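K.L.:
Just dropping this structure here.
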Amino acid sequence: MRVIMGIASLGFLWAVFLLPLVFGVPTEETTFGESVASHLPKGCRRCCDPEDLMSSDDTVQAPVSPYVLPEVRPYINITILKGDKGDRGPTGTPGKPGKNGTRGDRGSQGVKGDKGQAGSPGSSCQTHYSAFSVGRKTGLHSSENFLSLLFDRVFVNTDGHFDMATGSFVAPLRGLYFFSLNVHSWNYKETYVHIVHNEQAVVILYAQPSERSIMQSQSVMLPLVPGDRVWVRLFKRERENGIYSDDVDTYITFSGHLIKAEDN
């Protein structure tokens, strides 16, 4: 009787200790897919068949969950990953020129600049000149030949370019010269005088016979070279002519001067 009571008391104590374990230990719960798969029939399979020969019919796909999971995309902050500045790259090929733009407006006038430095001295300027003016106080009549008109009075003769002995001007420089001749005609006689360049008559001074004597003039410009001669001649007697003058006044004058010198 005591043995039975002892065993009964031990059984009660074990029950007290085992109850918390039974109710406290979690048990595995089958998922919806596992539950469905466990209830679906499987095909016939021999125990000796390898597992990889299982028919596709033996595998049952679990249904898709009705809940859609959100797609998670990671965000990377690029500024955090920015590196150091790289080296300068090589120069590229020049591009094609663009089209010409429209002309801009005229800008305002700039301020006056500073005075520049003085230049180096230039070469000395050479002034070329030549002039003469002579007169005659004696009348002249024509003869059998041409007569060179000589002069007995000098008004101007720079550097002696007019030869008083021959009555001719000798050009000292190449250039353009101006000449003028003034005479007084004789009563009832023609006046027939030429201005001559070397041996060529260039212009004539002429007056018809008249009861009264008058003043006549002629002028001309000539290009000359050094050594050229210009002089005055009276026509020969085949045409009776003459020019008048006296000891009191000078009626006959011959003048000339250089207008512009030319480089040789």
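Any Cβ shown, glycine's included, is placed from N, Cα and C.
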K.L.:
Could you check Swiss-Prot and say which of Asn77, Asn100 is marked as N-linked glycosylation site?
P.N.:
Asn77
K.L.:
Using DSSP, how many residues in the domain 'C1q' (125-264) fall into helix, strand and coil?
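P.N.:
Summed by class, the stretch gives 3 helix, 77 strand, 60 coil.
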